[in-house]
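For reference, the structure is listed below as structure tokens.
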Amino acid sequence: MRLARGIKYAVIGAGVALFGVLFGWVMFPAILKSQLKKEMALSKKTDVRKMWEKIPFALDFKIYLFNYTNPEEVQKGAAPIVKEVGPYYFEEWKEKVEIEDHEEDDTITYRKMDTFYFRPELSGPGLTGEETIIMPHVFMMSMAITVYRDKPSMMNMLGKAINGIFDNPSDVFMRVNAMDILFRGVIINCDRTEFAPKAACTAIKKEGAKSLIIEPNNQLRFSLFGLKNHTVDSRVVTVKRGIKNVMDVGQVVAMDGAPQLEIWNDHCNEYQGTDGTIFPPFLTQKDRLQSYSADLCRSFKPWFQKTTYYRGIKTNHYIANMGDFANDPELNCFCETPEKCPPKGLMDLTKCVKAPMYASMPHFLDADPQMLENVKGLNPDMNEHGIQIDFEPISGTPMMAKQRVQFNMELLRVEKIEIMKELPGYIVPLLWIEGGLALNKTFVKMLKNQLFIPKRIVSVIRWWLLSFGMLAALGGVIFHFKDDIMRIAIKGDSSVTKVNPEDGEQKDVSVIGQSHEPPKINM
């Protein structure tokens with residue numbers, strides 16, 4: 001009976017330990033992975049789909065303008081001196097509209113709509129948006145550079161057009177309220193009868209219809225972000241839903257129905273990466289993340305830097321920069337020719353935004369050192385100006401993100417235009433923006449409850465089952481071999497020592513299995 005009971009204990013214990021191993025290390029991870037595949041795909045009525053369609057909280061949107069403190073000297077060829085003004089803080093609410101699912105190829109199409117709300121109390125000290133900013137006249141310089149590059153024979157006519165439209169300006173700078181250049185709009189006076197300004201305004205209306213607001217009396221209003229505010233974007237984006245393969249979720253496959261761009265060379269025209277609002281799960285440190293930026297007409301590939309923590313959740317920290325187009329083979333195709341690549345850290349956006357602009361990291365971080373020599377007042381700092389993203393790797397959830405970019409323009413020297421003939425010819429900063437995400441306690445708690453608490457519970461259970469099973473199995477074995485173990489133990493402790501009378505010394509004697517006979521007494 002004892003034999004059967006001992007074997008039973010050992011078998012039960014081994015079974016419990018085996019179940020703990022199978023459940024904790026094999027079954028549960030497989031179940032979790034399967035469940036995540038379902039939850040992270042853009043299926044209808046899932047929580048992820050709802051959040052993807054309309055993010056239920058505001059993102060940070062900060063704008064920093066550069067105020068030029070020596071415009072008169074710059075007009076004569078001196079290096080600009082700038083002072084950063086900001087941040088101007090806006091809440092950014094993102095949603096997707098006109099959404100359509102396409103079952104046959106597992107894709108979904110949408111247009112995006114962003115809405116901005118100014119929050120002066122979260123902006124820089126004392127900033128109201130009514131501050132006067134002195135900066136290069138973006139619209140005027142864009143006109144001049146575009147004509148200079150594309151139609152140099154019309155430069156004389158352009159000079160007359162600038163004088164007519166901008167009322168005989170004395171320099172290339174504008175003095176505007178911050179909120180005017182950002183959202184409300186700067187007036188462009190096209191109410192002219194002279195041939196040159198009238199012809200220029202006709203061309204402006206035709207080419208700039210998507211970036212200008214046409215007012216009564218032949219006036220135009222130009223702003224950097226005004227037409228993006230609470231306006232449905234004209235571009236139709238097509239992305240993968242990830243139902244058939246969750247690793248494809250959010251991958252951009254077309255813009256306006258086109259499977260690739262037609263403005264760059266080779267693979268630079270490809271849409272690589274997600275739309276930036278969702279990422280695939282099961283990320284490893286070796287994975288090279290990719291997201292496509294429609295505003296910059298290119299993909300970004302952040303790389304893993306270190307492991308860190310966000311509100312108690314372990315995350316992978318990624319960083320990125322603008323790149324070196326001349327020396328990076330992956331980026332060469334953004335240049336018309338290798339000889340025409342912009343300086344390190346700058347990207348020519350002319351083909352993308354239809355305006356002579358350059359993108360860089362704020363304060364020319366990671367750019368050619370000459371850029372900092374040409375402009376005084378910049379102080380690049382990786383923590384303040386770099387692109388940073390923290391991902392929870394299992395679910396692919398961005399926990400914290402700082403997406404930063406600076407927009408720049410060349411102060412091009414043009415001999416045939418009076419106010420441009422002595423400009424220094426430097427690429428100079430206009431403004432930089434930061435789009436920020438930081439999951440609040442509510443959503444972090446949701447992630448913990450849905451993912452990490454179950455994992456911890458299972459982790460405790462699996463180790464408990466394994467430990468209990470091993471102890472039970474060991475106890476069963478000991479119980480089964482108890483008699484043999486006791487016999488071996490007792491035998492190991494018994495000893496018989498021979499007594500030699502010559503020694504004159506009594507030795508300890510232990511005799512097992514013999515009776516003691518009393519000594520005889522001789523009478």
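A Cβ is built for glycine as well, from the same backbone N, Cα and C atoms used for every other residue.
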Self-check item: Disulfide-linked residue for Cys333, taking Swiss-Prot as the record, within Cys190, Cys201, Cys268
Solution: Cys268
Self-check item: Second cysteine of the disulfide that Swiss-Prot assigns to Cys297, among Cys335, Cys341, Cys352
Solution: Cys352
Quiz item: Does DSSP give Cys341 (disulfide bond) helix, strand or coil?
Solution: coil
Practice problem: Rounded to the nearest Å, what's the C-alpha distance separating Asn440 (N-linked glycosylation site) and Cys341 (disulfide bond)? Just drop the number here, would you? | Solution: 42
Quiz item: Roughly where does the topological domain 'Cytoplasmic' (480-523) sit in mean pLDDT, to the nearest integer?
Solution: 52
Quiz item: To the nearest whole angstrom, what is the C-alpha distance linking Cys341 (disulfide bond) and Asn229 (N-linked glycosylation site)?
Solution: 33
Self-check item: For Asn67 (N-linked glycosylation site), the one of Asn229, Cys268, Cys297, Cys333, Cys335 that lies nearest, given that the recorded positions are compared by Cα
Solution: Asn229
Practice problem: Count the other Cβ atoms sitting within 10 Å of the Cβ of Asn67 (N-linked glycosylation site), across every protein chain shown. | Solution: 18
Quiz item: Taking Cα atoms as reference points, which of the disulfide-bonded residues Cys268, Cys297, Cys333, Cys335 is nearest to Asn229 (N-linked glycosylation site)?
Solution: Cys297
Quiz item: So for Cys268 (disulfide bond), how many other CB atoms are inside 10 Å of its CB?
Solution: 20
